[in-house]
Amino acid sequence: MDNLQTLFDHLYQGKPLTREQMAQVFSTIIQGDMQPATMAGMLVALKMRGETIDEIAGAADALRQAAKPFPRSDASKQSGIVDIVGTGGDGHNTINISTTAAFVAAAAGAKVAKHGNRSVSSKSGSSDLLSHCGIALTMAPDAASQCLDKLGLCFLFAPHYHGGVKHAVPVRQALKTRTIFNVLGPLINPASPEFMLLGVYTLELIEPIAQVLHALGVKRAMVVYGSGLDEVALHDNTHVAELKDGVVRTYQLSPEDLGVNRADIAQLTGGEPADNALITQAILQGKGLPAHRDAVAINAGCALYISGICDSVQAGTQLALATLASGTAFTLLTDLAAASQAGEHNE
């Protein structure tokens, strides 16, 4: 164990920390043992230099190790599970594309454990939307695991599993700037998914985050930046860093590559959680606007590809479109709402 002050001095001098040293620093944060001023200085020092892959992985290690355990069945370990998640912070108040896509991917055969939170930077985060769809956020881990096995989908509410992160909230709010915490959320899913479709808020992050996912043991992933969006874009090209067989390759995908027509980003503008819940329900019933349907389908399609359900993103998108037309994804939403109410865990 290194002396913490020595580690802080390293950071203030612009020197990187090892993965193990960073895990030690973040363990101190989530135990509530770091002074706010020290935490602020550390977060800003990291931001000014730029976090390394080892530092991000080490911070994620600490948070994952401290999380409330999520029990995985043998069946889910054999099939593998996928998360569809974004860092947020892209500045566009769109409809809840990744959350809606999670229902579609699950209805099409993937096992989806979506890790989400209430909104920080937009009007409606995934958990805000789910509440309005009648889905209880505080399911006991055992009940959520059963939903994953029986329905192919569960939602894991971040504060329910990561209680220690609350110690950083006042400092993050006071700093009013992005810090390493903005990229940690998608990396600390307590279900430890083997596959990930992860959207980021800037192009510069796609390759480093793909390398972090590899370091954390993720088998296959697409880290995407959709021309201003933290998801696969319908309005323009999407930059992709794909992790497969331990190798990261980068490329671009256009909406046309995915088999859909591009649409202006204004067509994806969302509203308050109640509005977005109605939009999601319409999409899942096969009654959504064409741009809404296609935006959800291309994201669900990429998730179906990386989880091995489909051999290409194009095939995944076609399966997602067929699933939306069938209405089975809406049935899944109602089934999950009923199961979540039964499995709610009040603390």
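Positions of Cβ are set from backbone N, Cα and C atoms, glycine also.
Annotated features, as they stand in Swiss-Prot:
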type	residues	note
BINDING	G86, N117	anthranilate 1 binding site
BINDING	G86, 89-90, T94, 96-99, 114-122, S126	5-phospho-alpha-D-ribose 1-diphosphate binding site
BINDING	S98, E231	Mg(2+) 1 binding site
BINDING	R172	anthranilate 2 binding site
BINDING	D230, E231	Mg(2+) 2 binding site
Proximal residue to T94 (5-phospho-alpha-D-ribose 1-diphosphate binding site) among binding-site residues N117, R172, D230 (C-alpha distance): D230
Pairwise CA distance, S98 (5-phospho-alpha-D-ribose 1-diphosphate binding site) versus D230 (Mg(2+) 2 binding site), rounded so that it is a whole Å: 9
Among G86, R172, D230, which are recorded as binding-site residues, the nearest neighbour of H115 (5-phospho-alpha-D-ribose 1-diphosphate binding site) by Cα: G86
Length of the line joining the Cα atoms of D230 (Mg(2+) 2 binding site) and G86 (anthranilate 1 binding site), in Å: 6
Which binding-site residues sit within 10 Å of E231 (Mg(2+) 1 binding site) - Cα, from G86, N117, R172: G86
Helix, strand or coil at E231 (Mg(2+) 1 binding site) [DSSP, three-state]: coil
Cα-Cα distance linking the residue listed as 'anthranilate 2 binding site' and G86 (anthranilate 1 binding site), given in Å to the nearest integer: 19
Alpha-carbon distance [N117 (anthranilate 1 binding site); R172 (anthranilate 2 binding site)] in Å: 16
Lowest local Cβ density among T94, S98, N117, which the record lists as binding-site residues, within 10 Å: N117
